[in-house]
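Here is the structure we will look at.
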Amino acid sequence: MPKRTDIRKIMVIGSGPIVIGQAAEFDYSGTQACLSLKEEGYQVVLVNSNPATIMTDKDIADKVYIEPITLEFVTRILRKERPDALLPTLGGQTGLNMAMALSKNGILEELNVELLGTKLSAIDKAEDRDLFKQLMEELNQPIPESEIVNSVEEAIQFAEQIGYPLIVRPAFTLGGTGGGMCDNQEQLVDITTKGLKLSPVTQCLIERSIAGFKEIEYEVMRDAADNALVVCNMENFDPVGIHTGDSIVFAPAQTLSDVENQLLRDASLDIIRALKIEGGCNVQLALDPNSFKYYVIEVNPRVSRSSALASKATGYPIAKLAAKIAVGLTLDEVINPITKTTYAMFEPALDYVVAKMPRFPFDKFESGDRKLGTQMKATGEVMAIGRNIEESLLKACRSLEIGVDHIKIADLDNVSDDVLLEKIRKAEDDRLFYLAEALRRHYSIEKLASLTSIDSFFLDKLRVIVELEDLLSKNRLDINILKKVKNKGFSDKAIASLWQINEDQVRNMRKEAGILPVYKMVDTCASEFDSATPYFYSTYAVENESLISDKASILVLGSGPIRIGQGVEFDYATVHSVKAIRESGFEAIIMNSNPETVSTDFSISDKLYFEPLTFEDVMNVIDLEKPEGVILQFGGQTAINLAKDLNKAGVKILGTQLEDLDRAENRKQFEATLQALNIPQPPGFTATTEEEAVNAAQKIGYPVLVRPSYVLGGRAMKIVENEEDLRHYMTTAVKASPDHPVLIDAYLIGKECEVDAISDGQNILIPGIMEHIERAGVHSGDSMAVYPPQTLSETIIETIVDYTKRLAIGLNCIGMMNIQFVIKDQKVYVIEVNPRASRTLPFLSKVTHIPMAQVATKVILGDKLCNFTYGYDLYPASDMVHIKAPAFSFTKLAKVDSLLGPEMKSTGEVMGSDINLQKALYKAFEAAYLHMPDYGNIVFTVDDTDKEEALELAKVYQSIGYRIYATQGTAIYFDANGLETVLVGKLGENDRNHIPDLIKNGKIQAVINTVGQNNIDNHDALIIRRSAIEQGVPLFTSLDTAHAMFKVLESRAFTLKVLD
């Protein structure tokens, strides 16, 4: 069937900011889809609010709108652009929900816009729990006994009929948001209340729990001619009951018999055909491990997280082909771009095993609830490919970057058996390590299988690894054993630990014995046909399929899994760096471990190595490829952390050199550099012991800012007000040592701003200065950043440019650098310098139209800034105002405090741009889903130190129609200063309504809550913040952000004046 000629212009909706449940996979799929449609000659209009994405680059679509994905703004763009069709299936749940809203509000019908890929009826049938249930019954597909409810009372009634345990699944939500498992009525009421609130259609499915069944996924494709195929099946290591995004997943499925595979495959194909989906679809099924009984859990009628995994696992580009199918092409007409010899109708075949492991944020959120369930908690994931399960699992494990290189974590051998078994039973994020420890203690597989419902097959594979550890320990320096364990994925570091020697000794011994990895190609067809794809993974086998060209090459290290502090921004920089390398005439090689990202799309680079980013794995690729050099600047802290070992091994690091990286990161060297350059910084010291820290703080004076050196995202950073808190921090938050000192700085309360700059060693280019709305103390990644700056004087700007030049030349920076400043009493201080790309690079690249990563890469490769057209020093500012605002995932992370501070908590970002600050702020808040009505009730509960400022803020909110509610201390202060307030209680004050109840009953439209450092753990304040998050009420923990919101509301308000 030829492609359609009756449509010319197609709008694609992106997925917005990265949040838990919806990450970089939609940048990958959206980019693929836009390019695929352009390839077919269609005009593509893209709407997305996330500036950190490749898909929002100008060359990906014909017209790019970085605007809020809300009904108001998408409708405006539709009216302006008048596209013929809309493709909503590549923007995750955000895209689907927006398509539904446009349809229900009559916009699509009014503007005569057709939905492509998946019809509204199919979205409804898959997402609306009632219609889905009816469809499954019509198809004779089994689903767990369930009831659709629109109220808590209906949920209780159903529970009384069938009993517990139950699972609550809200309709039209993402990553299991609002859902969960219930063992009793109290839990049912709590979860259903949240679920109904979070479901855009106020609907939940309450179903009998089938926790303990195997969870299997099928990624399927269908075209308009009813051709359908299975791209990939996947099996979760964890049973039903743990969200698939939080589970270890293997592809292809490992424990299914032919009969079971055929049964579930037929069911998946029946479902996609019945839904008449044209494109990709994900079907999740539960299989009874003891019979052929199965249930359909759910269907995602769109490209999903699993689609990205299936694409990278097989090499089959699902999103690219889904876009072509959406415009009428059929699977037997489209050539598979990976083989270039077969058609897309051929089902991929795998001759390897893929393991996906989730990356959790609990290293940042130690107070978070680590128990896994039906609501997703992982921020990102890694993928590894091997020839056997053990190899792929161990490679995935060391890709996580959580400080482990094997399925063993420190101190577990000291854990009691009772604690061990409890941790295994509870199913937390680190259960895999506890299972391995239990096997080391000779617990039987049967016992562990009964505790966890994990298939014995997988537990047996863990036992193989544990037995090999034992074999290694008993046969020190045995070459044959070394060869055996390398085949099973053991790292040099893990072997060194068991042999009690260092990693270099293992590496040298292995190389002398000729035990070297080979690289195999991912080709979608298990080598059955010729393939042209340069997509490789390592294994210890015989034939090497990665052929080395004569062309000079450059290796770029990616940034690994998405986590808080290191998000998709670094992948954006990596992709642009590769583009510049290719333009400069070199062969570009990428090494990365993240299946969600654009950088691991095989078409981006000349060669892709899907490998862990560890010293061993990187050196193996370098030994084979012998590149001219390695670029580390765009891989975040992941790549920078490898600099020392790579340099020691004689690898040529391109750009800023190791000794200069150290001068920026090492406290004493950095202080000496600043002194030599005559640049002020807040007074500070380095401490390697608790007593040194206390002495340093006494010299500086409290409050002080404390943090470990060499961190990203402000991990373990804290503002400390007194000696007691400092001692507590030194003994619990960090392990200080001469190798890992703690930095102690004066905490300056002032205006914060930052610059990204490019240096060629002689001149610098500063694309722009970003001014933070929140004052110093809130992590830069959690602050709203404004470009160009709105309140900085010319003198301050000149000083910032001068200091940036001095630092760039003084630190011998070649390529990117990021500098953060604080301005107090009109004096500029340097807080920190990062001689690498930062998370603001994509935002600044978009708003200045300078492709910063490309320019920096060419400079790194020897070009000079004089050869570009951007000039030197500070680039002329934009006429528009642009705001980068953070996006948070607190709804997914129970027990995590939403109070902002020096440790980063946001998972993503959005951008708002307009002709003035107020309009840009409005767009930024809307894009971040922080919406406030023009009037209502606002609660103030603030720290004593903030009361004076909060009073002025409350007065202006009152002036535009808000009624001020306040807790006792705040109310007394407000009343004494002439501001009338409604007194409210905190918790347990039964004589009046307390805040959580008011929030729950919809009486409060916003909460402003600030806490002094001594009261951070205040239980009442924590519950108030949590209530606001759970009920979707705007929460401000910084008065600066609340003031920015006031500016928006004020700009929307009319002046009402009595006639004089």
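Cβ coordinates are placed from backbone N, Cα and C, and glycine is handled just like the others.
Binding of ATP 2 is attributed by Swiss-Prot to A746, L748, E752, G777, V778, H779, S780, Q820, E832, and within the candidate set R582, R707, R963 the record adds R707 to that site. Per-residue confidence over the region 'Carboxyphosphate synthetic domain' (1-401) averages 93 (mean pLDDT, predicted model). DSSP classifies R129 (ATP 1 binding site) as helix under the three-state reduction. Counting only the Cα atoms, the space from R129 (ATP 1 binding site) to Q820 (ATP 2 binding site) is about 49 angstrom. Of all the binding-site residues listed here (R129, R208, R707, H779), it is R208 whose C-beta has the fewest other C-beta atoms within 10 angstroms. Helix, strand and coil counts under DSSP for the region 'Oligomerization domain' (402-546) come to 77 helix, 11 strand, 57 coil. Secondary structure from DSSP puts E215 (ATP 1 binding site) in a beta strand. Between the CA atoms of E298 (Mn(2+) 1 binding site) and L748 (ATP 2 binding site) there is a gap of 52 Å. Long-range neighbours of I242 (ATP 1 binding site) (same chain, six or more residues apart, CB within less than 8 Å of its CB): E215, N236, L372, G373, T374, A427. Neighbour count (other Cβ atoms within 10 Å of the Cβ, all protein chains): 17 for E298 (Mn(2+) 1 binding site).
Classification of H779 (ATP 2 binding site) by DSSP places it in coil, neither helical nor stranded.
G777 (ATP 2 binding site) sits 14 Å from E832 (Mn(2+) 3 binding site), taking the CA atoms of both as reference points.
For R208 (ATP 1 binding site), the nearest neighbour among the binding-site residues L748, H779, Q820, E832, judged by Cα separation, is H779.
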